[in-house]
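Visitor: Below is one structure. I have some questions about it.
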Amino acid sequence: MDKDGIAMALIVQKYGGTSMGSIERIEHVARKVASWKQQGHALVVVVSAMSGETDRLLKLAKSIDPRGNGREFDQIAATGEQVTIGLLALALQKLGVPSRSYTGWQVPIHTDDAYMKARIQKIEPERLLADCKAGIVPVVAGFQGLGPDGSVTTLGRGGSDTTGVALAAALKADECQIYTDVDGVYTTDPRVEPKARRLDKITFEEMLELASLGSKVLQIRSVEFAGKYKVPLRVLSTFVEGPGTLITLEDTQMEEPLISGIAFNRDEAQITITGVPDRPGIAAAILGPVGDANIEVDMIVQNVGGDGHTDFTFTVHRNDYERTLELTRRIAAELAAKGVSGAADIVKVSLVGVGMRSHAGVASKMFKSLAAAGINIRMISTSEIKISVVVDEMYLELAVRTLHKAFGLEERQAA
Ligand code: ADP
Ligand code: ASP
Ligand code: MG
């Protein structure tokens with residue numbers, strides 16, 4: 001951006017729920033924004049609701065309609081961010097920084113009509129750019145948009161990250177900074193492994209895997225968006241100064257670490273149908289009705305038995321567990337299978353690293369380390385840059401720490 005002949009950077013900063021968690025914290029964020037502005041940068045700020053607020057709002061909605069997830073849920077959930085944009089704009093004004101708050105529909109940020117998981121389709125950046133040119137700092141509500149029929153929509157939990165990145169793309173910003181309560185992306189969640197180490201850099205591809213496999217530090221869609229539109233993305237702390245973690249396009253000069261990080265997902269549940277007559281079409285007969293019921297299946301394993309029967313195991317989101325179990329019992333009866341069992345107390349633990357492409361032996365080292373720690377593996381799935389295992393939930397911390405140590409993640413310098 002060029003103003004009065006002085007080249008300035010246009011930066012989108014997103015502040016998460018913890019950073020917005022109290023009036024003191026909002027005033028702290030206002031001081032940070034003011035200092036960036038003083039350095040001559042143009043800023044567009046995106047904020048989340050106060051921490052815990054979206055949970056509280058959704059709980060209220062569920063207390064009336066436990067199964068609903070349509071238009072009114074979004075109407076309710078979106079109010080959390082409407083409060084914090086106003087508060088931050090006030091705090092900035094108090095510091096003498098001209099600021100104006102915008103809801104998603106005032107920008108507007110257009111989305112499709114998939115309530116609770118809407119996708120951004122188009123952003124009209126003109127108002128925000130005009131503010132920047134006039135020296136005003138726009139504060140935009142994360143997580144929300146305007147549906148095709150004029151309804152309020154929300155982008156899925158953690159969706160303010162995606163608002164930040166999408167705005168940075170639409171505004172052709174020089175950088176998108178995601179400010180949170182950790183000072184970057186770590187080798188694993190520091191809440192589970194205190195020895196986790198901050199990464200200076202990570203590739204989009206690895207970050208996307210980590211996010212998809214359960215690392216909630218960035219919403220999956222924000223990483224997809226940043227990769228697609230090549231938005232320079234950095235994760236930093238609101239509370240401590242530091243360089244944070246840069247999410248980069250793949251850099252061939254970078255020495256590729258074997259493993260970059262460990263992700264885990266507590267949201268899984270496992271269903272097994274035993275003694276299914278082994279004939280063509282069995283997988284479709286089981287998973288067809290599950291898919292028709294809008295239940296997303298994650299991992300699938302089928303064992304071929306010697307007696308003409310097979311066992312079929314798959315995982316679904318824990319929220320869908322009861323529903324899937326019920327449905328699977330009906331399918332099992334139709335197929336004359338022997339039985340159905342399930343477990344909702346399981347987790348998925350995954351190793352991610354682009355270095356896996358060129359190195360064999362990662363899987364066997366993973367399995368050996370888990371075995372030595374006495375952890376039984378229930379399921380395994382692999383792809384080019386990740387290996388996932390399903391284990392009992394009680395082993396989550398032990399599995400993460402065992403693997404973190406086995407792959408030397410605590411010592412190695414960031415690539
Ligand atoms: P915000 O409210 O700022 O969006 P989130 O709670 O969504 O913050 O994301 C930050 C949290 O993500 C951290 O507090 C941390 O516990 C968790 N996290 C999970 N995996 C990682 C990881 N690999 N690196 C850093 N933080 C992680
Ligand atoms: N407030 C929303 C949530 O809790 C969006 C966000 O914080 O990113 O999911
Ligand atoms: Mg978040």
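Note: Cβ is positioned from N, Cα and C throughout, glycine not excepted.
Automatic prediction, not curation, is the source of TrEMBL annotations.
Marked as ATP binding site by TrEMBL: Lys14, Tyr15, Gly16, Gly17, Thr180, Asp181, Tyr186, Arg191, Lys216, Val217. Summarising the annotation, TrEMBL assigns substrate binding site to Thr54, Glu81. Taken from TrEMBL, the feature domain 'ACT' applies to 271-354.
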Visitor: May I ask which of the binding-site residues Lys14, Gly16, Thr54, Glu81, Tyr186 have a CB within less than 6 Å of any atom of ligand 3, listed in sequence order?
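Guide: The binding-site residues passing the 6 Å Cβ test are Gly16.
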Visitor: Please list, in sequence order, those binding-site residues from Lys14, Gly16, Thr54, Tyr186 with the Cβ less than 6 Å from ligand 1.
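Guide: Going through Lys14, Gly16, Thr54, Tyr186 in sequence order, those close to ligand 1 turn out to be Gly16, Tyr186.
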Visitor: Over all pairs within Lys14, Tyr15, Gly16, Gly17, Thr180, Asp181, Tyr186, Arg191, Lys216, Val217, the annotated ATP binders, what is the largest Cα to Cα distance, rounded to whole Å?
Guide: 22
Visitor: What's the CA to CA span in angstrom from Lys216 (ATP binding site) over to Glu81 (substrate binding site)?
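Guide: That separation, Cα to Cα, works out to 19 Å.
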Visitor: Find the average pLDDT over the domain 'ACT' (271-354) in the predicted model and report it.
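Guide: Mean pLDDT, the domain 'ACT' (271-354): 92.
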Visitor: Which three-state DSSP class does Gly16 (ATP binding site) fall into?
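Guide: It is coil.
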Visitor: 10 Å Cβ neighbour count around Thr54 (substrate binding site)?
Guide: 24
Visitor: Taking the Cα atoms as reference points, how far is Thr180 (ATP binding site) from Glu81 (substrate binding site) in Å?
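Guide: Taking the Cα atoms only, Thr180 (ATP binding site) lies 16 Å from Glu81 (substrate binding site).
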Visitor: For a Cβ distance below 6 Å to any atom of ligand 2, name the binding-site residues from Lys14, Thr180, Tyr186, Lys216 that qualify, or say none.
Guide: none
